[in-house]
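Swiss-Prot annotations:
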type	residues	note
DNA_BIND	17-56	DNA-binding region
BINDING	91, 92, 93, 94, 95, 96	NAD(+) binding site
């Protein structure tokens with residue numbers, strides 16, 4: 001199947017949502033789904049669904065709908081969800097601890113397999129209730145290379161985010177999900193996704209205010 005390499009970022013961000021929808025359809029024993037059904041489940045319009053799917057070649061036939069099992073497996077392959085992806089976390093503050101207890105693997109084959117913080121943090125040398133070990137940041141290079149991990153979640157204060165990101169990249173990390181509200185300078189080939197809770201909340205409040213006008 002031919003896949004267009006120049007997929008827009010907006011489409012790429014919807015891939016995991018499509019996968020989730022098709023898994024839900026499959027669980028509900030739905031065999032075929034129309035673009036309208038998919039769009040309604042996603043909260044978008046049918047044209048967007050068809051445009052997104054066009055980047056991946058022939059996923060369905062007009063008038064016949066989309067084969068749910070086929071599409072579920074397609075997105076599983078695309079998102080590499082057939083094998084477990086181990087992720088590390090740096091920063092065991094409030095957000096970090098919440099993520100350490102979040103069961104990513106209940107929905108997808110991702111799991112936080114180790115956590116890090118400053119060497120004198122009280123959690124260093126312990127394990128979470130789920131058995132995730134917490135190590136000192138000074139040991140991150142050795143642990144990352146031994147575990148062959150390429151993905152990290154960053155939940156450190158903004159004043160330390162760049163320094164820690166540099167350490168992660170030096171250790172071999174290729175992708176970072178950052179909760180720190182600063183833009184990270186990274187080499188070409190390193191992927192960073194940002195989660196800014198304050199910005200998201202402000203955007204929500206803006207739209208709420210607009211809806212009242």
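From the backbone N, Cα and C atoms, a Cβ is placed for every residue, glycine too.
Here the features listed in Swiss-Prot are placed on the structure.
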{"residue": "91", "record": "NAD(+) binding site", "contacts (Cβ under 8 Å, 6+ apart)": "116, 117, 154, 155, 156, 157, 164, 179"}
{"residue": "92", "record": "NAD(+) binding site", "contacts (Cβ under 8 Å, 6+ apart)": "100, 115, 116, 117, 121, 123, 134"}
{"residue": "93", "record": "NAD(+) binding site", "contacts (Cβ under 8 Å, 6+ apart)": "155, 156"}
{"residue": "94", "record": "NAD(+) binding site", "contacts (Cβ under 8 Å, 6+ apart)": "none"}
{"residue": "95", "record": "NAD(+) binding site", "contacts (Cβ under 8 Å, 6+ apart)": "155, 179"}
{"residue": "96", "record": "NAD(+) binding site", "contacts (Cβ under 8 Å, 6+ apart)": "89, 90, 115, 117, 153, 155"}
Secondary structure at residue 96 (NAD(+) binding site) (DSSP, helix/strand/coil)?
helix
Around the recorded NAD(+) site, report the further residues of that chain (criterion: Cβ within 8 Å of the mean position of the Cβ atoms of 91, 92, 93, 94, 95, 96; site residues excluded), sequence-ordered.
97, 98, 99, 117, 155, 156
